[in-house]
Ligand code: 9MR
């Protein structure tokens, strides 16, 4: 792989509130101005980055009938959206793979969709339940991309979304037999030149005087940084995917020898093997006994300076550095290690003990140092992940420690936290920076001795939030639970859609109400192509899918010898912030849903990241389970 030189000039153009991942931005000539408004996501100037032309079809060829390109669950809601200037209801027809009409009906005019500025109708074909492949929907003289109706429709999405974690692993060679031949590579950051390695990493100047072995874990995203707060939420979502599968789904589907992990066959569920790879890393980030701030966790480890694209992990020549411990990272460690102690107990009691001890130590250290905030300014060589509000991390950690130990002291911490009664389910969804919702979701679902009235209140807060998300989704002509205003389409917006779906699913699990289940199932349509760009944001899933995501490893758009991201990689999604030079230039004044480019340099709209794929994995696991249950019931 070749390293490409960073275009320093562009960095200057981005400004102070710029994102962190700047070194990859290369200059490019201006975009055709119409592209952003039309939904043409990839007809890029080939002179831009030395890259070959991205071959998405021009806007005129983008079907105006927008469907979930992967497909629909037989007994689930089935909706589509048509972009049209017509104001009266239109006739639609559904055709099977032999072009035979199987259903027809009338569309519902919806006026102008706020988030896209498009004039649209919606189509409801939920009554069609017959399984089949390559259906198409026709309306207003246009035809959709083909899709399936099947109870197997999300099986591959689940395992592909989870495979993303394996290919992002640090400190282990990636086996082509598991990951796919294109994704095989030597281990990264074990100290083989030119790598400096994560096995003996010093602190950044002035931070500490010791060195730590922080090998392993997952690379966060396009960069080779490893960040405890983002690793925290991602690992939690894999562990809670497992907890949900056991409680309400199909644990065997993510059990031993079911996923692409090298530990398959070891008697431990594969999804837990994958999560453990990161848990072990998180444990290594804890400050050792006897050192200043002992028990806290370093916020992150990453390169001293940003590297360019493409760059394989084992070719990264930059020195690695530990950045200061933070309260947020320490509490992420406490939360995830406490959860891991619970989840791993049946498989490896000594690992469970190690986790519980680390969680208790981390909790105590965070109490001693409650205001060590990670700075937003610390973005040289890696992302900042700054966070000055840690009440939510305290709450989540207290919840996990209580659920694992049942101890009164942790229960008191839960009940006295201001987060316990706060509105923690925001319209924009939870994320690495706001994790109180994780605590609330866990408290609502995990077995515990929480007083009955408390449990009821917790569960009510969750169903109220789900009711709001249902209303939000009903307002959207594209059917997803994210409000239409520009502020909600922020960096990683696809994960916010997915995390709101997590809340809907949990409300469904608690109540059995079909409204929540249907809103959850319909919500994924947006991610898989029923959106203003008619683009599936998941590589390899859908005929018209993103595939030039910002990544140092899967940089096909920059070097044709390299692969695209593996199937199952989720793009961050529409971001009105336009915090990269390519997006800034090409998407000026874009309507929220159109603020996206399938271009490798658009890191603020098109990066891959572990916390986004964890949300996708969680939701895909639910979808695959619910589709299969229906298959069983109707068989
Ligand atoms: O996901 C993060 C997003 O919420 C922030 O707004 C953004 C800018 O600070 O950073 C995102 O995280 C990036 C991280 O800083 C570095 N690795 C890639 C992450 C995904 O883009």
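Backbone N, Cα and C define each Cβ position, glycine as well.
Per TrEMBL, active site is recorded for 598, 607. Annotation source TrEMBL lists compositional bias 'Low complexity' at 23-38. Among the features that TrEMBL reports, domain 'Cellulase Ig-like' is placed at 63-143. The domain 'Glycoside hydrolase family 9' feature in TrEMBL is assigned to 154-619. TrEMBL lists 23-65, 98-117 with the feature region 'Disordered'. Taken from TrEMBL, the feature signal peptide applies to 1-25.
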Mean of pLDDT values spanning the domain 'Glycoside hydrolase family 9' (154-619):
98
Pairwise Cα distance for residue 607 (active site)/residue 598 (active site) [Å, integer]:
9
Would you count the other CB atoms within 10 A of the CB of residue 598 (active site), including those on all shown protein chains?
26
Within 10 Å of the Cβ of residue 607 (active site), how many other Cβ atoms can be counted across all chains shown?
28
